[in-house]
Amino acid sequence: MDGLSADDPGWIGEYRLLAKLGEGGMGRVYLARSRRGRTVAVKVVQAELARDEGFRRRFAQEVGAARRVGEEWTAPVLDADTEAETPWVATGYVAGPSLAEVVGEQYGPLPEHSVRALAVGLCHALRAIHGAGLVHRDLKPSNVLVTIDGPRVIDFGIARALDASAQSASGLTSTGVVVGSPGFMSPEQVRGERVTPASDVFCLGAVLSYTATGRLPFGTQEGGVHSLLFRVAAEDPDLRGLPESLHEPIAAALHKDPEQRPTPDALLAAFGDEDGAAGSDTEAGRTMLDGAWLPGAVLAQLGRHAVHLLDSEDPESAGAAEPAGREPARNAAAVAADGAQPTGSFGPPVTMPPPSAGPGTPPHGNPYSTPHPGQPGPVAGPAGVPAGAWASPPPGLGPGPGGMWHSPPPGLGLPPRYQLTNPRGLSIALVVLLAVFAVALLLRLNVYESVESSAREYGAGSRIVASANKIPHVNTLRYNSVMADVLTALTTVPVVVLWCLWFRRLRRNAELFRPGGIRHTVSMAVGSWFIPVANLWIPKRVTNDVWKASKDPAKKRRSVLTPWLLRVWWAAWVAFLFLQPLSFVSGLYLDSSLSTVAEDAVFGQVASAIGLTVTVLAVVVVLRLSRVQEARIPKADTNPW
């Protein structure tokens, strides 16, 4: 890690930058902190790529797909702004060195049990990435971060946008360089062929071989990059020194033919995770990584890195201590030549902020954020001080390391847009109203059954077409039918109102659980229930996102609110949405034939039965989803409303 230089921004979106983690072909990577105190890694796209509309489009698509990848074995995508002047993406920060640093600089080749555990973790990561419809395309040691409880894969999927952007119409790279890492590319990548998940398996084999032997399986670039690429595409790998038990699965992964390579599931079985290979929960893989899966020297280095993070200080506070008018010194590494440093490297201690009394406010006009209508302007200072004056330090204090990007003093920051609110009160009230609505539907079902039986009784055996007036108690049936329809309509109104309030609260909470991970805004999520055609699918998408964001990742127990339950509930809701407006026994009032009256009554019974099913399933969804969120809200928040 390097400290921020004068050329680095202080904010990207709503994330305050703390240090620079590295720099590569796609852009710079910064260590940052969110408003709520979460430490993240923010990758900023370089200006040349930001001007490429094709890259922007692919970047947005890949970021959207990457959000679907779980966070068990990867650094999850938390937030992004693909429409900003300078696009960026924020992922969870993994406090650990890269595998390239561990093997190439700090320790050397890892022992057999460490390589086997690493293989299990990487296979689980690839399975999650491929399950989201992504291909990593650039799996290499510097994209694998080492932690105490297993490896984490970073930069998955993003390489595709860079790869396509660097290609010309002929398929050659427009910049004259290879996109990717030659020593860890697959033969199909070298030949410019279609890249599939099997390409990642080949890269995995190269990574594992390097980890176990300390050598690249196809040699280095000393003879030139073209000779290295030729060896990757045409020659057998050098697996000398590989433990015998690891030789067969790694050699199979390095097969030249993509069709002949094993899948991640097959490799899981080969490396000893039988349960994971069968598709069971990833706890099986975690069990293999419990305890000292890493050598003691590597664990000690992880501990020293954790101490550096705990002892670090706020760069802005350090800058404020400089005498007035003195320019803060730039970090020596920031002035040095542009050498890329892997993410998570162990450099000198980097300054990081302790929790502050009030979050800072990102500067307005920030090129790393998309302006929103109605966004508040600069925060006004004390009386007589113009708005935005606190963008610079108060008199007598030197400028912070970010210059004009310096955040305001504690207490002048804007509050978070939303706050976690317990949905218990709204959910209880909604369940009560749904129960009342179910009673109304039961009464309606009973009335329609009575109408049908009467119509069939007095119309049976008649040789002429009898009308509804033939029923002696037709007026009573009409009255009961009207009352049932009115009662259903009257109970529908409060249910709809309370449902919208409950849905809005859950949508807001979910945004705080997983920032940027919910499709559509809060207003659109609620309003889509009333938009024709859109209400057939948008609310369901939002509900899926809210459910996934609300689940506690630390709890592995399978929830009752499973995808099939949501699908059944939604299918019944769509059917009820179409049938309900057509389910009135109009023939009873229009003096239609008794056969028409009976048919209308049957139609009304079907609609009422489907409505009852929807209502019961809705109660289950409301209770389960509310309880999942309630379990994640701090106990101090006792306000249920």
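Every residue gets a Cβ built from N, Cα and C, even glycine.
Summarising the annotation, TrEMBL assigns ATP binding site to Lys43. In the three-state DSSP scheme, Lys43 (ATP binding site) is classed as strand.
Residues annotated as compositional bias 'Low complexity' in TrEMBL: 330-340 (among others).
The compositional bias 'Pro residues' feature in TrEMBL is assigned to 350-365.
Summarising the annotation, TrEMBL assigns compositional bias 'Low complexity' to 377-391 (among others).
Mean pLDDT, taken over the domain 'Protein kinase' (15-272), works out to 85 on the 0 to 100 scale. As annotated by TrEMBL, domain 'Protein kinase' applies to 15-272.
Here TrEMBL flags 314-410 as region 'Disordered'.
TrEMBL lists 426-445 (among others) with the feature transmembrane segment.
Under the heading transmembrane segment, TrEMBL lists 482-503 (among others).
The transmembrane segment annotation in TrEMBL covers 564-590 (among others).
Within the same chain, residues 427, 430-431, 434-435, 437-438, 441-442, 444-445, 448-449, 451-452, 502, 506, 543, 546-547, 550, 559-561, 565-566, 568-569, 572-573, 575-576, 579-580, 582-585 sit at least 6 positions outside the transmembrane segment (602-625) and bring their C-beta atoms closer than 8 Å to a C-beta of that stretch. Taken from TrEMBL, the feature transmembrane segment covers 602-625 (among others).
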Long-range Cβ contacts under 8 Å made by the transmembrane segment (426-445), restricted to residues 6 or more beyond its ends, are 484-485, 487-488, 491-492, 494-495, 498-499, 501-502, 505, 604-605, 608-609, 611-612, 615-616, 618-619, 622-623, 626, 640-641
Relative to the Cβ position of Lys43 (ATP binding site), how many further Cβ atoms are located within 10 Å? 23
